[in-house]
């Protein structure tokens, strides 16, 4: 059985731990808990192929910049995450996370993930953004960033509603076990462009 190591990175509070907890337990943590997710391993079936999936959470805060890369060796696929309601986390994809990941793992597969997509329609979140003269990031902005960092694809999900959540992990697994898939064909025919 093939083993896959998946590491999740991104700014603090973009929802990395919630993404992992929601995926592995089908429940959403109700309070913010900075990185308490233990490494998790499970057998997962994707396209009639069973793989042993190892999930690794990381702390996004600067305090952990020197420790975080210790979890990178032997990584098969990274999920670089940003919150669709945080311009700063989006900007940091290119200025911090992509350079860090590609420095330590130059040939690794990257999936860019826009988290908290449920908040694109949330009145309270939209009002807070309006007060700062901002708006949620668009799917097209995510796709553009994915092209710029040469990510395998861009996907969006919500750990709260689980919309697109399973598809993110399925796509990450497929990107590793079927590396020769034509990306152009993949973008047209797969679940990679989920809203």
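Glycine is treated like the rest: Cβ placed from N, Cα and C.
Range annotated as motif 'Effector region' by Swiss-Prot, chosen from 14-22, 23-31, 32-40: 32-40.
Fewest Cβ neighbours within 10 Å among the binding-site residues 58, 61: that distinction goes to 61.
Mean pLDDT for the motif 'Effector region' (32-40) in the predicted structure: 69. Annotation note: residue 10 (GTP binding site) sits in a strand segment as assigned by DSSP.
Neighbour list (residue 13 (GTP binding site), Cβ cut-off 8 Å, at least 6 residues apart, same chain): 32, 60, 83.
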